[in-house]
Structure formats: structure tokens, C-alpha cells
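Single-structure report; data block below.
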Ligand SMILES: NC(=O)c1ccc[n+]([C@@H]2O[C@H](COP(=O)([O-])OP(=O)(O)OC[C@H]3O[C@@H](n4cnc5c(N)ncnc54)[C@H](O)[C@@H]3O)[C@@H](O)[C@H]2O)c1
């Protein structure tokens, strides 16, 4: 069994999301080796060459196209392989197609790599995270999805624009499904410790309910809007992948809303969805059950029920 190389990442699936993530990871300087794997070997080779040509402007590393054997010692395996969302198609529509792909990919990864972390990005990410945990046999702390890390970034960005402040000073989470039933956890949102509604008033906004609904809807529909205009989304998710890998490799113990299998918080069990969690070198190192209003708790339970129904049908 290969021991892990802490400086190595594997990216499975080199389409829009995989290649943009590989580029972001190359720029991050976190890794010194990266293997790109795709059923379309030419695509993986082309991306490896193209991204390598940026290395003289970044930090030295080895980037190449390979096979699952080459992922045996990767500290993190990022899985983006799957069909993309078509215009008008919901993420849940994709489920059966992508579970089929996972049934071929995940056992191959697990055959060679026994100790790494599986970071699932392909959609529907919550369902596929659950499937990957079961198909790999890995402990649950080492299999998680990008979940609502991207949605949360969109939420912070839009709140930053709304309030005309740096989005990094906004502390707020999108939780639940990465998809149509996701929840903006408005009741716990704050700007540097100041409750969001108080901060809104400081900046001249008084219609909290209206702003909240508008921003939450905008976050939820972001992907549909971008896909409508350019066919796919990839830069935002690439930066999310980079951020999650950074938390893992640097053992940052950062709190990120990744998707992982739940065990009873808010009455939700045996389904993967996003709640803030501590992310470090051991993967998911603990849940952070933030305070929710009764309405948010109900919406979270409804999100879990939606996912459970899909899972029952598809897996
Ligand atoms: N989690 C998120 O926030 C988020 C954001 C954007 C996109 N996505 C998802 O990421 C996935 C990829 O999107 P994309 O736009 O890159 O799609 P894409 O079609 O551009 O790329 C998919 C890649 O997967 C490869 N692939 C397919 N089957 C494979 C297999 N069995 N083994 C290895 N490789 C295989 C394809 O050859 C292709 O290169 C989709 O499911 C999409 O919905 C997730």
C-alpha cells in the first residue's frame, strides 16, 4: 500500500470544473504533484500540458495525466467527473446518470488509495457524497462534498455588494442541500459580530425580509443564470475547491459548510447535506451546529427529506 504524499492531489474529471480546479490548485502552491484523470485521456493530457505551461510564473510542481494507480498516494482526490447540468435541468435530474459514473470511479480510487481524503464536487453533490462514502468504504470523516461552500461564497459576495463592504467580513452560511432546497441561515448571519439586520440598518437598508428573500433567491438561482449565459459554472467552484484543499493540507481547522453524512443534529440522520464543520488534515473534524430559527430548522428538515427521497429512488 502506497503511503500518502502530503503534497499530492488527484483530480478526477477534467471538464470545465476539473480543469478550472486544477488551474486554481496549481496557482495555490499547496501541492508539488498533481495527477489529472479523465475517461477522455486526451483531455487530461491537454489540460496537464496547458496548466504546466503556467509553472514558470508560479511554483514548481509536476502535473501529468494518469490513471487511478497514479492516485494511490494522493492526500486529496477531487472528484468532478460527471455529466454537467443542462439548461433547465435541476441538479437532482442528474442523479441517476452520475451515480452510474460513481459506481465505476469510486471503487477504482479506493482500490489503490486507502488513506486519502475524497472531496466530491460532481452534482448532485450531497447524493454523490453519500454514494461515495458507501462505495469507497472510507471512514466518513474522509469523504465529504464541496456542498454549499460555493453557495456560501455567493451569499457573502451578494451581502458584501448589498452592504458595500468586503465580503470577507461577512459571516453567514447557506446550509442544507446544494440545490433548490438550500437555506440561507439569515438568523445567525453577521458582519464582524454585528447581527446582519443591525448592520443593514447601519447601511440604510430597513426592509430585512425583502432583502433576505431577494438575496437568498439570487444565490439559489446563480448556477441556473450562469449556465443559461455561458453553459457551465467553474471559476467559483474552482476557488471553493482550492479553499477546501487549503484547509485540509494546512490543517487549518477552518469552519466550512461542506457536505457530510449527518448523525442526528436537528433530527437529521443518514443523509449527506451541508452544515458548517471543522475541516483539517483529518477531513471533517467536528460539526458546528449553528443556532437556527424555528423556520430555518423546519426548512433544513424539509431539505433533508427532499434529499432522502432522491437517495431512496437512486441508490
Ligand atoms: N459542487 C458544485 O458546487 C459544482 C459547481 C459546478 C459544477 N458542478 C458539477 O461538476 C460536474 C462536472 O461539471 P463540468 O462542467 O466540469 O462537466 P464537463 O462535462 O465539462 O466535465 C466532466 C468530465 O468528466 C469526465 N468523465 C465522465 N465520465 C467519467 C468517468 N467515468 N471517469 C472519468 N472521467 C469521466 C468527462 O470526460 C469530462 O471531461 C457536474 O456534475 C457539475 O454539475 C458542481
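Keep in mind that glycine also has a Cβ here, set from the backbone N, Cα and C atoms.
Taken from TrEMBL, the feature domain 'Lactate/malate dehydrogenase N-terminal' covers 8-145. The NAD(+) binding site feature in TrEMBL is assigned to 13-18, 38, 43, 68, 82-83, 98, 104, 121-123, 146. The substrate binding site feature in TrEMBL is assigned to 85, 91, 123, 124, 125, 126, 151, 152, 153, 154, 233. Taken from TrEMBL, the feature domain 'Lactate/malate dehydrogenase C-terminal' covers 148-314. Annotated beta-D-fructose 1,6-bisphosphate binding site per TrEMBL: 156, 171, in sequence order. The annotation active site, proton acceptor is assigned in TrEMBL to 178. The annotation phosphotyrosine is assigned in TrEMBL to 224.
Feature annotations (TrEMBL) mapped to structure.
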{"residue": "13", "record": "NAD(+) binding site", "Cβ contacts under 8 Å, 6 or more apart": "37, 38, 79, 80, 81, 82, 121, 122"}
{"residue": "151", "record": "substrate binding site", "Cβ contacts under 8 Å, 6 or more apart": "174, 178, 182, 219, 220, 222, 257"}
{"residue": "153", "record": "substrate binding site", "Cβ contacts under 8 Å, 6 or more apart": "167, 236, 239, 240"}
{"residue": "156", "record": "beta-D-fructose 1,6-bisphosphate binding site", "Cβ contacts under 8 Å, 6 or more apart": "167, 168, 170, 172"}
{"residue": "171", "record": "beta-D-fructose 1,6-bisphosphate binding site", "Cβ contacts under 8 Å, 6 or more apart": "189, 190, 191, 192"}
{"residue": "224", "record": "phosphotyrosine", "Cβ contacts under 8 Å, 6 or more apart": "none"}
Original post:
For the binding-site residues 104, 123, 125, 171, 233, which sit with their CB under 6 angstroms from an atom of ligand 1?
Top reply: 104, 123, 125, 233
**OP:** Express the distance between the Cα positions of residue 125 (substrate binding site) and residue 16 (NAD(+) binding site) as a whole number of Å.
**Re:** 16
Subject >> Three-state secondary structure, residue 171 (beta-D-fructose 1,6-bisphosphate binding site) (per DSSP) >> reply: strand
Original post:
In terms of Cα spacing, which of the binding-site residues 16, 104, 123 are within 10 angstroms of residue 233 (substrate binding site)?
Top reply: 16
**OP:** Pick the one among the binding-site residues 104, 123, 233 whose Cβ has the fewest other Cβ atoms within 10 Å in this structure.
**Re:** 104
Original post:
Using DSSP, how many residues in the domain 'Lactate/malate dehydrogenase N-terminal' (8-145) fall into helix, strand and coil?
Top reply: 68 helix, 27 strand, 43 coil
**OP:** Could you tell me which of these recorded positions, 16, 38, 82, 125, 178, has the fewest other Cβ atoms within 10 Å of its Cβ?
**Re:** 16
Subject >> DSSP-derived class (H/G/I helix, E/B strand, else coil) of residue 233 (substrate binding site) >> reply: coil
Original post:
Per-residue pLDDT averaged over the domain 'Lactate/malate dehydrogenase C-terminal' (148-314) comes to what?
Top reply: 96
